[in-house]
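Taking it in order: structure first as structure tokens, then the write-up.
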Amino acid sequence: MTGAPSARRSELSTQNRLTHIDETGAARMVDVSQKDVTTRLARASGRVLVSPRVIELLRGEGVPKGDALATARIAGIMGAKRTPDLIPLCHPLAVSGVEVELGVADDAVEITATVKTTDRTGVEMEALTAVSVAALTVIDMVKAVDKSAVITDVRVEAKSGGKSGDYRRTAPEGPDA
């Protein structure tokens, strides 16, 4: 029992610091070799604000460059798989599944990515990368029609598995929500 308060302090200090920075402030890749292999899932979302003309084209004849949503879906899947090549301290993982969904709203293309693995660390970065690459691809596909498209609201919506437990983003409350 004498070690319990010390262990709790250590756990709290670990939760309240950046794990990718060592004591001297240098970047490092976290050692996950002692973590349990568990099934982990993450879902992220984002939006690409586009002009009414782009919405009209996406709902109708399509944009001049081709099938924007199908291209963005494949790009998002590829992005999830390439995350450790793009994010320097991200661990290479055995990604076991990626789903990227795109929908056309009244003012935006809405993107959701779900990534799954059975590994030692989570797939939040893979889900965020999938959304981001899909969003960039939407912009590439519509730029001939709308040069002012904007990527917004890229965020983790939920995660499960692992030591830190489950997370689900809650909607903000209040009149401006």
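A Cβ is built for glycine as well, from the same backbone N, Cα and C atoms used for every other residue.
Straight from Swiss-Prot, the features:
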- Leu89, Cys90, His91, Met125, Glu126: substrate binding site (BINDING)
- Asp140: active site (ACT_SITE)
Intrachain C-beta neighbours of His91 (substrate binding site), sequence separation six or more, cut-off 8 angstroms: Met29, Val30, Val32, Pro84, Asp119, Arg120, Thr121
Rounded Cα separation (Å) that holds between Cys90 (substrate binding site) and Asp140 (active site): 26
Least surrounded among the binding-site residues, given as Leu89, Cys90, Met125, when other CB atoms within 10 Å are counted: Leu89
Residues flanking the substrate site, with Cβ no more than 8 Å from the Cβ centroid of Leu89, Cys90, His91, Met125, Glu126 and excluding those residues themselves: Thr83, Pro84, Ile87, Leu93, Thr121
Substrate binding residues Leu89, Cys90, His91, Met125, Glu126: largest Cα-Cα distance, in Å and rounded to whole number: 12
Tertiary neighbours of Glu126 (substrate binding site) (same chain, Cβ under 8 Å, six or more apart): Ala42, Ala80, Lys81, Thr83, Leu93, Val95, Val98, Val115, Thr117
Rounded Cα separation (Å) that holds between Leu89 (substrate binding site) and the residue listed as 'active site': 27
Spatial separation of Met125 (substrate binding site) from Asp140 (active site) - C-alpha basis, Å: 22
Asp140 (active site): tally of other CB atoms within 10 A of its CB: 15
